[in-house]
Amino acid sequence: MPQIINGKEISQQIKDELKLEVARLAKKGRRACLAVIQVGNDPASSVYVNNKKKACAYIGIESKSYELSKETSEEELISLVEKLNDDSQVNGILVQLPLPVHIDEDRIIRTISPDKDVDGFHPVSVGRLWIGEKGFLSCTPAGIIQLLKRSGITIEGKECVVIGRSNIVGKPMAALLLRENGTVTVAHSRTKDLKDITKRADILIVAVGKKKYITREYVREGAVVVDVGMHRDENGKLCGDVDYDDVAPVTSAITPVPGGVGPMTIAMLMDNCVETMRIREGKA
Ligand code: NAP
């Protein structure tokens, strides 16, 4: 029987630790405030934004909401972000993605001050990650590192294969595994003989964006499998990029969907918010 990596439990553990830390920092007069900007009212984005605000309230961080109409222009959004960059009461800025198509996401991401970039998407944060400097980490990959470590899985010296090279998951995942001394291979849509590569993996991270794509033919017996995917199956049930029922029996450990990687993203966003308080305390 594989070890089922419990993201719900681990994310709760992290939020509880952060709550204590926030209370300790608050006693010293430190505070954190996260500005959350949503443009338009896409229902999935509204759910994510609400969950982020709830998590802030739970750990004791103030959140300020900016709900803008979907007609908001790029320039209007830029000026709001610039205003928040200059606001000393705000230490983190989050712009919920995706943005309406008339707004250039990259331009918005680059406008957020790197010192308030709690999503870790700014090129300065990305650069810091790759050169091993302290900085805000992309939340989903940072959450996966926590899942592995807190489940007693060693990364150092392991053969790690990441399927996917997106800027928000695949690439930062590879950088973080490398930082943990894993030996890392990144596969993508032009990779030849994907199965031969994934079967080498001690730790296989799947962020391919395709429903139940990875079956047991891709997995070495005893591997650890982390499923980043998030989809609805033909019955409307949540499922991942990994065909869980087929793959789980050949693994030593696996993340389920839901309840695996998903809850970790918000927990690590909260960690980035607390990081802004730690930096102010001079301990980061
Ligand atoms: P994405 O931007 O669509 O990237 C998918 C990656 O998979 C690309 O790099 C693509 O290669 C690669 N790929 C596609 N088909 C492939 C194939 N047949 N063989 C090998 N590689 C292939 O997706 P993403 O944003 O990274 O997200 C990945 C998944 O994670 C999605 O299911 C998404 O919903 C989920 N997700 C979950 C969370 C969470 O909090 N749980 C957060 C973010 C994302 P190319 O670069 O060559 O096109």
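Cβ from N, Cα, C; glycine included.
Taken from TrEMBL, the feature domain 'Tetrahydrofolate dehydrogenase/cyclohydrolase catalytic' applies to 5-119. The average pLDDT for the domain 'Tetrahydrofolate dehydrogenase/cyclohydrolase catalytic' (5-119) in the predicted structure is 96.
According to TrEMBL, the domain 'Tetrahydrofolate dehydrogenase/cyclohydrolase NAD(P)-binding' annotation covers 138-278.
Look at TrEMBL and you will find GLY164, ARG165, SER166 tagged as NADP(+) binding site. In the three-state DSSP scheme, ARG165 (NADP(+) binding site) is classed as coil. A 10 Å cutoff on Cβ-Cβ distances gives ARG165 (NADP(+) binding site) a total of 17 other Cβ atoms nearby, all chains included.
Its own atom aside, the Cβ of SER166 (NADP(+) binding site) has 16 Cβ atoms within 10 angstroms in the protein chains shown. Those same-chain residues not listed among GLY164, ARG165, SER166 yet with C-beta within 8 angstroms of the centroid of the NADP(+) site C-beta atoms are VAL162, ILE163, ASN167, VAL169, GLY170, LYS171, VAL186, HIS188, ALA207.
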